[in-house]
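Notes for the one structure printed next.
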Amino acid sequence: MKAAVIVFPGSNCDRDVAVALERVAGTKPLMLWHRETEVPSDLDLIVVPGGFSYGDYLRSGAMAAHSPVMAGVKAAADKGVRVLGICNGFQILTESHLLPGALMRNRDLKFICKDVHLTVESADSDFTRGYADGQVVRYPVAHHDGNFFADDETLAAIEDAGQVAFRYCQPDGTVDADANINGSRNNIAGLFNRDRTVLGLMPHPERLIDQHLGGTDGVPMFKSLLEALS
Amino acid sequence: MSEITPEVVAQHGLTDDEYKLVLDIMGREPNLTELGIFSVMWSEHCSYKSSKKWLKTLPTEAPWVICGPGENAGIVDIGEGLAAVFKMESHNHPSFIEPYQGAATGVGGILRDVFTMGARPVANLNALRFGSPDNAKTRHLVAGVVAGIGGYGNCVGVPTIGGETNFHASYNGNILVNAMTVGIAPADKIFYSAAAGIGNPVVYAGSKTGRDGIHGATMASAEFDEKSEEKRPTVQVGDPFTEKLLIEACLELMATDAIVAIQDMGAAGLTSSSFEMASKGGLGVELELDRVPMREEGMTPYELMLSESQERMLMVLKPGKEELAQAIFHKWELDFAVIGHLTETGRMVLKWHGETVGDLPIDPLAQASPEYDRPHEIKRETRGVRANETPEVPWKEALTQLVGCPDLASRRWIWEQYDHMVMGDTVVRPGGDAGVVRIHGTNRGLAATTDCTPRYVQADPVEGGKQAVAEAWRNLTAVGARPLAITDNMNFGNPEKPEIMGQFVGACQGMAEACKALDFPVVSGNVSLYNETAGQPIMPTPAIGAVGLIDDLDRMATVPFKASDEIIVVLGETLGERGSGWIANSLYLRELLGREEGAPPPVDLAHERKVGDFVRGLIGAGSVTACHDVSDGGLMIALAEMAMASGIGFDITCDPGPRHAYLFGEDQGRYIVTVKENDVPAVTGAAEKAGVPVRVLGYTNGDAIVVNGEAGPTVSELRAINERWLPELMSAEVVEPGGVPAE
């Protein structure tokens with residue numbers, strides 16, 4: 001698997017996800033600076049990491065979506081290169097229209113950092129094959145703008161196409177209002193594109209990859225990718 | 001007519017005597033820019049004029065100390081070629097005026113102190129004190145400070161792994177916001193601030209200079225009054241995005257050999273940084289102020305020298321390295337300018353479009369600032385409170401009331417607003433005795449904590465100072481870390497009052513004793529005086545930030561109980577007065593009986609060390625399954641915290657006698673550990689052999705809490721009470737002082 005991690009000014013989970021990729025794949029990913037106008041043609045996976053790209057001083061992810069490197073990422077995604085956007089990366093993917101919808105300020109207006117439970121809505125993707133359909137996983141979140149919004153029509157299309165990857169849930173898997181930490185529509189925490197070659201999610205799988213950090217629920221995602229793309 | 005009238009001198013916070021010294025040093029009347037420079041350099045904040053006599057008495061050395069006080073941050077050796085770099089600093093006055101920006105820039109400033117020395121910041125902590133929960137301003141301040149700390153730290157991408165928060169009416173008009181950063185650097189590649197090399201270029205990097213924060217250091221050196229709100233323009237505005245870029249750019253440049261010396265521009269901005277670099281190097285400096293990157297037009301030399309705009313660095317480069325450095329800073333889209341060079345004159349010469357606008361001697365100004373031996377009176381409460389003469393509140397009631405009281409209620413509402421996991425190395429998250437981060441790429445860890453019990457310091461500054469250091473040492477020990485060193489953040493009232501100065505002197509005395517006995521030197525620190533509003537001082541608050549090392553992350557301990565039917569053991573002596581438990585000045589006395597009185601529990605430093613070393617040994621040997629130190633609220637609260645963190649209850653037995661004192665007394669130097677039943681004889685045997693008082697209290701048990709066979713609240717009920725208080729406080733309807741709900 002040849003992977004690259006995009007680095008924007010203000011990215012701050014770029015190292016974390018590179019560590020996770022290296023741990024699972026055994027090789028360091030390429031770190032791609034935001035000014036690159038082209039991305040290498042032999043990539044299997046591009047990760048758009050978490051952080052505060054360009055300070056998120058406009059809408060979160062809005063400026064990064066217009067950075068030079070994102071044109072290359074979009075072109076690669078069109079060719080079927082897998083793209084994973086985590087947290088700020090998810091925001092950038094929606095701002096880039098690689099994924100539908102938008103991420104608004106959390107319902108309670110505060111930054112939230114804690115572990116949350118998620119249902120894996122579909123294990124039928126290169127990102128989630130290591131999990132089972134309906135499995136409950138625990139990932140940390142750390143965001144201010146994770147409240148997923150799409151209008152009724154878009155939301156229906158997302159659901160009909162089976163694009164929901166993860167939903168916020170109770171520890172026992174119940175998807176309800178109490179488990180919805182940030183006000184996301186339909187408890188959506190992560191989303192595929194129609195071809196399931198692009199995944200964006202607010203929680204951070206790269207933060208739970210060894211027991212010292214409190215768990216390993218994030219590992220299967222990186223293993224799934226490694227197995228699918230090697 | 002002279003522009004320097006007595007009024008102008010007074011506005012700059014200089015006394016008549018100090019101004020006479022200015023005239024002596026200059027040999028002439030200063031111009032306004034020069035006067036402004038004297039004013040900030042000699043402010044309490046920058047000069048430590050009231051405190052330095054006493055700070056010098058604190059122990060600062062140990063074999064593992066690489067750099068003690070006097071640089072941007074303290075540095076200790078952590079083995080394997082690495083060093084931990086850390087410091088704590090206050091941003092009290094600005095945070096009261098503008099809580100979000102005040103707290104945010106406090107975090108930014110302390111981060112810069114650490115990465116200036118070549119360290120990558122790996123953890124942030126804080127120590128916060130707010131006024132009474134029912135004070136009209138408290139919630140506004142809590143919300144703003146927490147959002148500001150989070151807003152800055154989260155964006156920069158450094159995890160906030162711990163801290164402490166107290167509420168007390170004495171902070172109604174002066175909150176305390178103390179921020180601490182811990183970084184890791186290669187031990188052989190540390191950067192200092194002493195300038196060297198006549199002719200070497202002096203360069204400026206980072207944000208542009210604006211008009212914000214002019215005279216911030218002077219403001220932080222005076223008492224507040226009703227007009228303090230008008231000082232809002234002296235509060236700086238933070239830009240964490242630029243700080244993140246500055247960290248990356250500086251660390252990238254530091255990996256080359258281009259830098260001779262580096263200093264961040266913090267309090268008193270360009271003035272303080274350039275003076276310190278030149279003074280430490282014994283050199284002079286010539287600055288061309290018109291070359292400083294400016295945010296707005298029409299700025300004057302006076303404003304440029306005194307601005308406290310954030311996210312700026314001053315460096316001395318090796319000759320010929322300007323282009324290399326410029327390329328790195330431009331890559332990170334930061335301003336970069338060569339603004340001067342070093343000279344051999346020992347003077348600071350300021351040029352403005354070729355014209356000299358300031359010319360001052362450096363050494364007398366930087367080093368010969370006033371030093372005062374202010375009159376002081378140390379008041380020490382010695383009266384105890386007898387346990388058998390205080391009413392016994394039924395333990396169940398006392399327990400539920402205490403876990404929900406302002407000083408013990410869960411701080412989750414606060415730390416869930418801080419990203420405490422970014423960087424992927426957080427091993428112990430907030431809420432434990434100490435936060436722990438893994439040293440990246442290893443199986444070792446750094447533990448860090450902040451501690452102080454202001455009510456103890458108020459009652460007896462010497463014992464209170466001792467206790468603050470001992471508790472920090474204990475919290476590091478409780479996770480299994482070897483305590484290395486501390487940073488102190490001395491928050492006090494007006495030092496011109498003998499009683500306040502006595503609190504300061506007494507606290508230093510107690511801290512020095514504890515540091516010496518525990519081999520726990522002070523390597524950095526900060527003093528914040530004049531924390532008074534309308535004559536009302538804060539409780540004396542010498543906040544201690546401490547760092548320890550864990551050699552093997554597989555051999556550490558955490559607070560939660562791990563399983564039912566494990567044996568609960570208390571290590572350390574419960575002496576109290578007459579063997580019953582120390583109830584004087586306890587939270588029990590304050591929260592349940594409304595009495596803030598009596599001497600604080602004394603710290604027997606030899607006992608402290610013996611018990612702590614023994615506990616650390618047990619943890620290192622893998623003999624305990626959980627560990628928690630006993631502090632506020634005594635044994636019962638420590639047990640309840642272990643239960644609430646795990647969902648597992650406990651069943652204990654205590655002797656006849658004043659049970660409330662035994663359960664809630666705050667005798668120092670104690671730890672609770674859990675041990676597997678089979679290991680009990682070995683643990684108690686080893687304790688007895690080591691001369692460590694040991695006692696089996698009971699066992700962990702389902703989700704019930706049982707004392708002497710009597711069942712109390714369940715763990716989940718207790719947890720609900722503990723978690724409820726702060727969110728309820730923060731979401732309650734805003735009631736204005738008149739009692740009418742605000743719109």
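Each Cβ is built from the backbone N, Cα and C atoms, and glycine gets one as well.
Going by TrEMBL, these are the annotated features:
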{"type": "ACT_SITE", "residues": "B:H45", "note": "active site"}
{"type": "ACT_SITE", "residues": "B:H91", "note": "active site, proton acceptor"}
{"type": "BINDING", "residues": "B:Y48, B:K87, B:D488, B:G525", "note": "ATP binding site"}
{"type": "BINDING", "residues": "B:E89, B:N526", "note": "Mg(2+) 1 binding site"}
{"type": "BINDING", "residues": "B:S90, B:H91, B:N92, B:H93, B:R112, B:Q236, B:E308, B:S309, B:Q310, B:S528", "note": "substrate binding site"}
{"type": "BINDING", "residues": "B:D113, B:D264", "note": "Mg(2+) 2 binding site"}
{"type": "DOMAIN", "residues": "B:11-49", "note": "domain 'Phosphoribosylformylglycinamidine synthase linker'"}
{"type": "DOMAIN", "residues": "B:70-185", "note": "domain 'PurM-like N-terminal'"}
{"type": "DOMAIN", "residues": "B:198-352", "note": "domain 'PurM-like C-terminal'"}
{"type": "DOMAIN", "residues": "B:431-550", "note": "domain 'PurM-like N-terminal'"}
{"type": "DOMAIN", "residues": "B:567-703", "note": "domain 'PurM-like C-terminal'"}
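Residues near B:S90 (substrate binding site) in space but far in sequence (CB under 8 A, at least 6 apart, same chain), listed by position: B:G106, B:L176, B:V177, B:N178, B:A179, B:N489, B:N491, B:N526, B:S528. Residues B:Y48, B:K87, B:D488, B:G525 make up the record's ATP site, and a Cβ search at 8 Å around their centroid adds B:L55, B:P69, B:M88, B:E89, B:T487, B:N489, B:M490, B:V522, B:S524, B:N526, B:V527 from the same chain.
If you look at the domain 'Phosphoribosylformylglycinamidine synthase linker' (B:11-49) against the domain 'PurM-like N-terminal' (B:431-550), you find at least three C-beta pairs under 8 angstroms, all six or more positions apart, and that counts as contact. Cα of B:E89 (Mg(2+) 1 binding site) to Cα of B:H45 (active site): a span of 11 Å. With B:K87 (ATP binding site) as the anchor, the candidate binding-site residues are B:R112, B:D113, B:D264, B:E308, and the one with the nearest CA is B:D113. The Cβ neighbour count for B:E89 (Mg(2+) 1 binding site), using a 10 Å radius and every protein chain shown, is 25. Separation of the C-alpha atoms of B:H45 (active site) and B:Q310 (substrate binding site): 17 Å, rounded to the nearest whole number. A straight line from the CA of B:D113 (Mg(2+) 2 binding site) to the CA of B:G525 (ATP binding site) spans 11 Å. On a Cα basis, B:D264 (Mg(2+) 2 binding site) lies 6 Å away from B:R112 (substrate binding site). Checked against B:D264 (Mg(2+) 2 binding site) by C-alpha proximity, the recorded positions B:Y48, B:H91, B:N92, B:E308, B:G525 yield B:E308 as the nearest. Counting only the Cα atoms, the space from B:G525 (ATP binding site) to B:N92 (substrate binding site) is about 15 angstrom. Just so you know, the Cβ of B:D264 (Mg(2+) 2 binding site) picks up 27 other Cβ atoms within 10 Å once every protein chain is counted. Across the domain 'PurM-like N-terminal' (B:70-185), mean pLDDT in this model comes to 97.
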